[in-house]
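Copied over from TrEMBL:
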- ASP456, ASP462, GLU465, GLU466: Mg(2+) binding site (BINDING)
- 39-152: domain 'TRNA-binding' (DOMAIN)
- 403-478: domain 'B5' (DOMAIN)
- 696-789: domain 'FDX-ACB' (DOMAIN)
Amino acid sequence: MKVSRKFLNDYIDIDGISTQDLADKLVSVGNEYDSVSKFVPATNLVIGHVVECEMHPESKKLHICKIDLGDEIVQIVCGAPNMRKGLKVIVARVGANLPGGVIKKTKLAGYESNGMVCAFSELGIPHKFLRKEDIEGIYELPEDAPVGEDPLKYLGLDDEVIDFDFTSNRADMLSMIGIAYETGAAYGKDIKLPENECEEIAEDVNDIYKIDVKTDKCMAYLGKMVRGVKVGESPEFIRNRLMASDIRPINNVVDISNYVMLEYGTPLHFFDADKLGNKVIVRDAKKGEKLVTLDGVERKLDESDIVIANDKEAVALAGVMGGLDTEVTSETKNIFIECAIFDKTSVRVTSKKILRSESSNRFEKGIDPNRILPAIKRAAYLLNKYAGGSVLTGVAGVDKTSKEDKVIKVTLDKINKVLGMSLSKDDVIDSLERLKFKVSFDNGEFTVLVPTRRLDVNIREDIIEEVGRIYGYDKIKGVLPEVSIKCGGRSKLEEMNRTLRDKLISLGLNQVLTYSLLSDRQSSLFNDDKNKVYLLNPMSEDRKVLRTTLLASLLEVFEYNYAHNAESVNIFETASVYFTDDDYSEKPRIAGLMYGDYMVNAWEGIKARVNFYTLKGVLTNVIEYLGLGSRLRFEEAQRKDMHPYRCANILIGREVIGFMGQVHPSVCDKEVYVFELDVDKIMNQKVKNIKYKEYSKYPSVSKDLAFLAPKDMKSEDILEVIKRSAGRLLSDAFVFDVYEGDGVSDGMKSIAYNLTFTSFDRTLSDEEVNKITENVVKNVHDKLGLELR
């Protein structure tokens, strides 16, 4: 909000306080500002009198002028069409700083020019505030303007503006009176309320207007009438204060409504009373109802909107904008003034849907119920004084709001405990009374009466905050906390996560970080809908549930990368999942996802398509690295959203620590494999010390064997026979392919194993390896009845 220094000075004496000091002082009591600036940034200006004015002999546009500046007469060449002898004008002397640059002594068309005669637009006043003649021609001052004086001071434009950024809970700071109260608290000064009493004629507004409030979304609606107004230009001080507040002056009637809104923070609306009729109805809009607003746009309304209507149709959109049919024009003679309080939420919904305005901004944040009557009387007073209107007696309307101060109690001990200070009773009373709160103290407890203008003060912690900021946060002494110093280090969980992370990275997976919040649909993947934690006030429907599995997040990462043409995605994440049973709980998990190509042999650059056994090999490698490989088992499993024939539980001994497998094609139509492990359960296992041995210096020999086996036979059973049959020279054995289809009988599958043989004392011969593999084939046949494919 832009605050004019001159405007604020009308309500509190700030003479002798610089504008910068004022801004800094209000910051010290908890406010913020963006900038402090002059309303008109031009310097070195003077009022001049044109004593001579002749046309340039070679130009039809340029004038050669002699201008009296009070202390000297200077020659200036000017091209303004309205330049003539006898005018009082604004002159920028040589050296003056204008928004367009520094004024220099120069020659124009062969004639010396010592300065510049200024239009309003050249002084830095935004064009939106100016009339056409103020932009196209030089500004003509009144005949009594004092030559040699500062024109900005003479016109009341020597103002400074503070651009404040008040927090949204401080509705009271959207008014000059509210800012005056805040300034008074900061400096210990009293404020001056504006005059609002004027002589009224005998005719009573209640005899003319009947106001009927038919919605509970209107808590108060007051109306007052002024007859015989004359629409014209506003007084200079009103125009200047509106411009400094970033509001465009229009005419005296419209400007008064905006002026009072800025004064009290209470929006007003002026109807042309002759167009309005004698009945005012406040009601919910009808579905599909239409209203043409002041900007000439036809608005389609629904039941969430509030309208002001007469006995025929809607004439205004409550809290947002008036209607075109009842607007005040230059022909308006009689005015009906509206001042009301509407439901904040309803106004916000309507304004977001249709139009944001200065009025809706204030209604959304809340209106002080004790200001609507003074505001409507103030508007009538100004219309009487500056528009020549006659004010009717009384105020019509309905007011269901409470005018009582809020009562809040808080102890001195509580205040000092929260603030970390040692304030006395008098310190607290002084701070609160500077805010114009009424305070009493009895038996260690304060009873505080909070004025209705402070909508943000509702509980004792609010009172404590007010005491702290007015007394001065800078007076709180800095004290280091008393804490015991402990040696740093990682927790057991941190160490385990780091170990798992490093191992998975070494195996070619990439770590990702994802959101903990999911949509309702995502949170149901791989889990049932029980024990989910919902946010009370989510930012969006896509992020409303705390996740119970990491897999939904990893699947989201996969879908994003696949959509961007990633040929392979091999990722993992270590993070927490969240549940609510009898209480809320947070549990550590590690999960991974593999798709596409995977580097089987990095040295030789061999890649293979990820399948169930690729993932199983990765997990086996991880578990063995933890020293738990001897007790690792995989069991066939059925889990939600997983492939029914390619899913397994992962066990250490008899305890299930996680699961792995392919995502069900109904969830993802690509062949994606995932796993998730419970890190707590892994940490609870007894880990054997890992023993290392040297690599053999002799080359290894690999053999591939493919067996035809029944579909329901587990590869683990076959692998166990292979390992027992191969003997001590077998260094590794794993499944690398499973095939069903052409060439394989119904009910059968082909399972291919890679066997690696290594000796530590010699190079193995083909004959020796072949003999071992023949023994393996024989034992698999004898024990399991399987044939080589």
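Every residue gets a Cβ built from N, Cα and C, even glycine.
This view paints the features noted in TrEMBL onto the structure.
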residue: ASP456; record: Mg(2+) binding site; contacts (Cβ under 8 Å, 6+ apart): ASN169, ARG170, ALA171, ASP172, ASP462
residue: GLU465; record: Mg(2+) binding site; contacts (Cβ under 8 Å, 6+ apart): none
residue: GLU466; record: Mg(2+) binding site; contacts (Cβ under 8 Å, 6+ apart): SER431, LEU432, LEU435, PHE437, VAL457
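Within 8 Å of the centroid defined by the CB atoms of ASP456, ASP462, GLU465, GLU466, the record's Mg(2+) site, lie the Cβ atoms of ARG454, VAL457, GLU461, ILE463, ILE464, excluding the listed residues themselves. When secondary structure is read from DSSP and collapsed to three states, ASP456 (Mg(2+) binding site) falls in the coil class. Other Cβ atoms within 10 Å of the Cβ of ASP462 (Mg(2+) binding site) number 18 in total over all chains. If you take every residue in the domain 'TRNA-binding' (39-152) and average the pLDDT, you get 92.
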